[in-house]
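Just dropping this structure here.
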Amino acid sequence: MGLEAWYMDSFDEDQRKPHRLNPNQSVSLDELKKLGVYYWKLNADVYETDPELERIRKEQAYSYMDIITIQKDTLPNYEEKLKMFFEEHLHLDDEIRYILDGQAYFDVRDKEDRWIRIAMRKGDLITLPAGIYHRFTLDETNYTKAMRLFVGEPVWKAYNRPADDFDIRQKYVASLQGS
């Protein structure tokens, strides 16, 4: 199964639920690409020796990699971290995540500022462009194991919305004008 994405309802309940509109409004990979979001489907069972992952890392210059397991038993300050990940924010660099096990959601804003929910499953690798407003949460399984990739040394700083004055945000918004 390929990547699945949809427009979200405006919810007040559990962030880990799917929150699809009724009727569902799917979002295609092409629509995500217009927002600067890119996707690959890889074989997570062989991530340590996967030539496809190596090719992507080389082409994109992803020189740094680490692995994070997000579940209550293994992540220190679990509740605090989940709350922080779900706060709407942007980064000055691309965010690259590869799901090695489990499931999670990335939510991104479209050009009209509507939320799109992207369901991430084992084998999904995604890049979110610098300057895009987004957030992250687990789904109802409460577990994911992800590889974090970076160009050069990792930068963990997130800038919560509003962050429209940042050059990277203005460059990102300008890049959407042609799409």
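Here the Cβ of each residue, glycine as well, is placed from N, Cα and C on the backbone.
Per TrEMBL, the features are:
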BINDING   HIS89, HIS91, GLU95, HIS134  Ni(2+) binding site
BINDING   HIS89, HIS91, GLU95, HIS134  Fe(2+) binding site
Taking 8 Å from the centroid of the Cβ atoms of HIS89, HIS91, GLU95, HIS134 as the cut-off, which other residues in that chain fall inside it around the Fe(2+) site?
LEU90, LEU128, ILE132, TYR133, ARG135, ALA158
Which chain-mates of HIS91 (Ni(2+) binding site) that are at least 6 residues away have a CB under 8 A from its CB, listed by sequence?
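In sequence order, the residues whose Cβ lies under 8 Å from that of HIS91 (Ni(2+) binding site) (at least 6 apart) are LEU128, ALA130, GLY131, VAL155, LYS157, ALA158, TYR159.
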Fewest other Cβ atoms within 10 Å: which of the binding-site residues HIS89, HIS134 wins that one? Let me know.
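Candidates: the binding-site residues HIS89, HIS134. Fewest Cβ atoms within 10 Å: HIS89.
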Other than its own, how many Cβ atoms are within 10 Å of the Cβ belonging to GLU95 (Ni(2+) binding site)?
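A 10 Å sphere around the Cβ of GLU95 (Ni(2+) binding site) contains 21 other Cβ atoms.
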